[in-house]
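Everything below concerns the one structure shown next.
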Amino acid sequence: MSMILSASVVRVRDGLPLSASTDYDQSMGMQECRKYFKMLSKKLSQLPDRCTLKTGQYNINFISSLGVSYMMLCTENYPSVLAFCFLDELQKEFITTYNMMKTNTAIRPYCFIEFDNFIQRTKQRYNNTRSLSTKMNLADMQTEIKLRPPYQISVSELGSANGFAHVSVGEYKGTGKISAAPHQRLEPVTLPGIVSFVLSLLCGALNLIRGFHAIESLFQNEGEDFSYVIAFFLGTAACLYQCYLFVYYTGWRNAKSFLTFGLICLCNMYLYELRNLWQLFFHVTVGAFSTLQIRLRQPQGKSPDYNV
């Protein structure tokens with residue numbers, strides 16, 4: 001018989017369980033699947049946003065969005081389209097019921113246990129497929145799964161009993177294998193971070209505009225120095241690269257941000273004759289502020305183990 005057996009809501013950054021359905025099945029197969037739930041919860045920040053793990057007669061499916069993952073266990077013959085429609089309903093209801101501030105600041109496991117009532121009702125409805133009235137949603141989900149199938153996780157990727165094997169997650173294209181460097185999610189963006197990002201874009205735009213004006217002056221006056229053009233465009237590139245470092249995780253990220261800030265300072269020192277002190281102060285201060293925000297926005301860490 002195909003059916004959904006259990007479901008959980010887990011915070012992505014540390015695997016903290018926020019809510020879960022009540023499970024009464026204590027069979028060996030279910031006990032093993034609970035171990036897989038716990039192992040997956042530790043790897044959520046490194047995995048694509050839609051995945052399936054096949055474990056013999058059971059499947060574990062999950063989707064992740066806005067820092068929260070929605071996981072479910074079903075029998076191996078339960079339709080994949082229904083499974084992800086079920087998860088999509090959990091996601092929409094959870095986002096509607098709880099704001100991101102509550103989920104980000106939660107400190108104890110199962111602090112949203114009252115959401116279990118919705119999980120149980122939805123699970124019963126999806127276990128009785130004849131009563132489902134979401135044909136349009138099913139059609140949409142079926143099309144979406146065809147265009148972007150869930151990534152198939154193998155049990156070997158989860159690691160051994162004494163430690164977890166490294167799961168290298170590269171560019172996710174649906175059914176492709178994981179092969180590149182691990183993808184790290186950064187901590188949530190703060191208001192100062194947004195301000196630094198916007199100011200860096202503004203400085204980059206100002207440098208770009210002045211660079212084009214320098215090119216026009218170069219054509220009009222043969223005596224103009226072409227190195228000023230280079231300095232303006234290097235300043236633009238440095239500002240845009242700071243924006244990139246703030247948004248995405250890369251290796252040696254902090255070192256790159258300091259080097260980029262050094263380049264900004266050098267460009268402004270060279271452009272000393274073309275800018276007044278306030279302009280120089282603005283560009284250097286924005287560069288320093290952006291470097292600080294890059295340094296403060298670190299990859300999401302893991303908290304102590306939580307049972308799922």
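In case you wondered, yes, glycine gets a Cβ from its N, Cα and C as well.
Keep in mind that what you see is a predicted model, and the values were worked out from it rather than measured.
Feature annotations, courtesy of TrEMBL:
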type     : residues : note
DOMAIN   : 8-119    : domain 'Longin'
TRANSMEM : 189-209  : transmembrane segment
TRANSMEM : 229-248  : transmembrane segment
TRANSMEM : 255-272  : transmembrane segment
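Under DSSP, residues within the domain 'Longin' (8-119) fall into helix, strand and coil as 50 helix, 30 strand, 32 coil. Residues 186, 193, 196-197, 200-201, 203-205, 207-208, 210-211, 214-215, 218, 256-257, 260-261, 263-264, 267-268, 270-271, 283, 286-287, 290-291, 293-294, 297 of the same chain sit 6 or more residues outside the transmembrane segment (229-248) yet have a Cβ under 8 Å from a Cβ within it.
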